[in-house]
Amino acid sequence: ALWKDVLKKIGTVALHAGKAALGAVADTISE
């Protein structure tokens, strides 16, 4: 189904955004 592809794409984007945010927070804390 098309909506499954959309959800998968949103999930992937959210995952990458979350990792990027965590990385930024970790960098900020370690400095």
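Backbone N, Cα and C atoms are what each Cβ position is placed from, and that goes for glycine too.
Copied from Swiss-Prot, the annotated features are:
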MOD_RES   GLU31  glutamic acid 1-amide
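According to its DSSP assignment, the residue listed as 'glutamic acid 1-amide' is coil. Every protein chain considered, the tally of other Cβ atoms within 10 Å of the Cβ of the residue listed as 'glutamic acid 1-amide' stands at 5.
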